Amino acid sequence: MDSIGSSGLRQGEETLSCSEEGLPGPSDSSELVQECLQQFKVTRAQLQQIQASLLGSMEQALRGQASPAPAVRMLPTYVGSTPHGTEQGDFVVLELGATGASLRVLWVTLTGIEGHRVEPRSQEFVIPQEVMLGAGQQLFDFAAHCLSEFLDAQPVNKQGLQLGFSFSFPCHQTGLDRSTLISWTKGFRCSGVEGQDVVQLLRDAIRRQGAYNIDVVAVVNDTVGTMMGCEPGVRPCEVGLVVDTGTNACYMEEARHVAVLDEDRGRVCVSVEWGSFSDDGALGPVLTTFDHTLDHESLNPGAQRFEKMIGGLYLGELVRLVLAHLARCGVLFGGCTSPALLSQGSILLEHVAEMEDPSTGAARVHAILQDLGLSPGASDVELVQHVCAAVCTRAAQLCAAALAAVLSCLQHSREQQTLQVAVATGGRVCERHPRFCSVLQGTVMLLAPECDVSLIPSVDGGGRGVAMVTAVAARLAAHRRLLEETLAPFRLNHDQLAAVQAQMRKAMAKGLRGEASSLRMLPTFVRATPDGSERGDFLALDLGGTNFRVLLVRVTTGVQITSEIYSIPETVAQGSGQQLFDHIVDCIVDFQQKQGLSGQSLPLGFTFSFPCRQLGLDQGILLNWTKGFKASDCEGQDVVSLLREAITRRQAVELNVVAIVNDTVGTMMSCGYEDPRCEIGLIVGTGTNACYMEELRNVAGVPGDSGRMCINMEWGAFGDDGSLAMLSTRFDASVDQASINPGKQRFEKMISGMYLGEIVRHILLHLTSLGVLFRGQQIQRLQTRDIFKTKFLSEIESDSLALRQVRAILEDLGLPLTSDDALMVLEVCQAVSQRAAQLCGAGVAAVVEKIRENRGLEELAVSVGVDGTLYKLHPRFSSLVAATVRELAPRCVVTFLQSEDGSGKGAALVTAVACRLAQLTRV
């Protein structure tokens, strides 16, 4: 049965065989015809049932559910990207199985220029019947011979040819160039191929041929080739539909929905393999006696039932079976049949298309029937056209039901209310049948009204698409190499991180001794962490960014906080120092009035998150402004004195400033109230810094050899002496040069949220210039500084985000991109944030090892209080920091505690501890 189409019409050889019984009367004839054609009528409800059943089978197969076996296979093709129009180069295409008993070789040139197409050169070779049914090696040797014969006629270099292999049979793919044949269809039954990798079989045959050096880059089926050959247009072409000898569809599915891939990101083209759909509940009611006969007489009874109602290999045979039945019943041809009419394969798809085409007229129908050895009358011609229309209309409607299921799956996958998509169509049924596509589109609109579908005829029968798959694979491989080269400096190994740890240990030692060092190692005069006995009401001020907070902190058996946020206008932050501190005092007075504290003199802790050299607990000399502050006449001054002077200017305000604290110390103290082992503070937010409890004997410039003191490392400046030069990239240099403090805070500029987004932006600009991103087109929005905030980095790397959500975030920023672009942007973000976390971890490892050695311990158990938006919000940062510390400081058990309001609560606790210690001293 699968050999239908090989014989064609045999004119002049037939003798008529006529029914000897009396012919039916006109009314009986009409009833017989209606009864026969009625079998091919499919109701809307039946189409909807097929749509729903197929959709259910698709979802079952995507989930990897094996029992009961799904009715469709949903095979991933490992084609993860659709073309974007810039692909170029020369490619060889070998098509096997797309057009029945022939193979085709093409030479395809892609220009990469929109609207400029070069017609492919091609040659078709008929496959002998003995090859189709012989040994597998014989088939692939035949294919390799055809390749060589075609290429011999082309003016081409014999070396380095890239080939795309279109193999249109059900296959299990495990890679773009690895595909195992599941089963033969379409009349092929070559031995020794099922269960084998067809790409390897082709490579072996090419090697045996020995004439050309050909790299088989990709294997796809004709359906994928059809989709990929669709010209990029206004709407994405993400569905391929082929109705040729057989029928199938493919579409771009979210990779996370394809269980067998175990991938979270990106998309993959899935071959539905709907020809094998055979749900008895859905298909049973629409199967006719003719379908059963056709199936029974085929090479594969019971298989490919859906395909046998739609594919071009079978439409002519269905028409033949109906015509033979009506002739035997005496309704057609005066009750006469012919040997041709009773022979399989005598009516081809081309005959059906011609007989139904209104432009050919009755004369062509008459001629075709005469070639079958029949003598049709005028009424016979009209009835034959009705039969052709009934068979083909049903095929188009069934195909539409299946396509509607695919569109519903795609819509659900994208979580879109309405779906706008282009469907690339290919195959001789779509191309040659006069009404197939119009019936198809009308039925799809009926079954999937929420989908706006454009049917786009394929170019070159899918051959160009196979070349496009090959070209896209080559482009992606080249882009992947460029991306890896760009990101390689951000991927730090153990030795590099250990070197950072060692460099920091040296800088710490120098700073503690008072020698020149990029780490200032500033004494904070905080000599103890909380012990839980602290009590009282305290005020806290928190100045470290564009917002300023005033807090009332009540310490009893727990800590209660009341606070208010006040903004600091840019004119104040960059105006005079007096203006800044007067504004701060105004905010404090406003807060006291609102809280009913006017006239009270509560102990006050001042969180001042800028580099200071402390001369006492309540004396801090500002070394330099950071974070965009530039208030004049402050650097080199005691900021507590500046605050007290502003209090004096305000008059009638009494404030007892007990301690000046930076946010890092406040974080350590805040967590220390909950965990006595917390002796390290870490901030990773807009900026970054760390502090820890150092042995007083190691701190030069502070009298005393016993006890401990918290040291403010100011590690953001680590590397300002050039010690991090080996890790600095061209992108770090660009960010540094564009900053307000070039050459300073080099460590901070590789770690903190204020700079990571800028590093990402500079990398994206570089990749765009290489043509890797945005099709090489300069995006104006990408020229804008600081468009990537910490929140953006945290959101885009979230494990819970699908790729479409990553794209949405980027599109909201004004960056139009493809799924491939989105994946690459994601990788860039991951590389930059991973390096930041690892560098931070190397710093923490240096600190904990210093504490362990200070105390002469084999093992140290210590806690780190952490604050900062990057650390808290980023999905991977905290775990990467912890993993790096474990790797570099294996003898330290380090617990990370997230601080709750370290800047406010911590400053109050520093004040509370100072009051407790002062009270003990008085006692």
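We count from 1, first residue shown onward.
Glycine is treated like the rest: Cβ placed from N, Cα and C.
Listed by Swiss-Prot as binding D-glucose 2 are Ser609, Phe610, Thr626, Lys627, Asn662, Asp663, Thr688, Asn689, Glu714; the candidate from Glu570, Glu645, Glu748 that the record includes in that site is Glu748. Of the residues Thr524, Thr562, Thr686, Thr884, Swiss-Prot places Thr686 in the same D-glucose 6-phosphate 2 site as Asp542, Leu543, Gly544, Gly545, Thr546, Asp663, Asp867, Gly868, Thr869, Ser903. The D-glucose 1 site recorded in Swiss-Prot comprises Thr185, Lys186, Asn221, Asp222, Asn248, Glu273, Gln304, Arg305, Phe306, Glu307 together with one of Ser168, Ser338, Ser343, namely Ser168. Counting in whole angstrom, Asn662 (D-glucose 2 binding site) lies 9 from Asp542 (D-glucose 6-phosphate 2 binding site) by their C-alpha atoms. Of Glu95, Leu793, Leu873, all annotated as binding-site residues, the residue with the shortest Cα distance to Asp542 (D-glucose 6-phosphate 2 binding site) is Leu873. The least crowded of the binding-site residues Ser168, Thr546, Thr688, Ser903, judged by other CB atoms within 10 A of its own CB, is Thr546. If you check the binding-site residues Gly426, Gly544, Ser609, Thr686, Thr688 against Thr790 (ATP 2 binding site), the ones with a Cα inside 10 Å of its Cα are Thr686. DSSP assigns Glu273 (D-glucose 1 binding site) to coil, not to a helix or a strand. Sorted by the number of other CB atoms within 10 A, the binding-site residues Gly97, Gly544, Gly545, Gly868 start with Gly545, the lowest. In sequence order, Asp542, Leu543, Gly544, Gly545, Lys627, Asn662, Asp663, Thr664, Ile683, Gly687, Asn689, Ser903 are the residues near Ser609 (D-glucose 2 binding site), counting only same-chain partners six or more apart with C-beta under 8 A. Residues Ser609, Phe610, Thr626, Lys627, Asn662, Asp663, Thr688, Asn689, Glu714, Glu748, recorded as binding D-glucose 2, reach a greatest CA to CA spacing of 16 Å.
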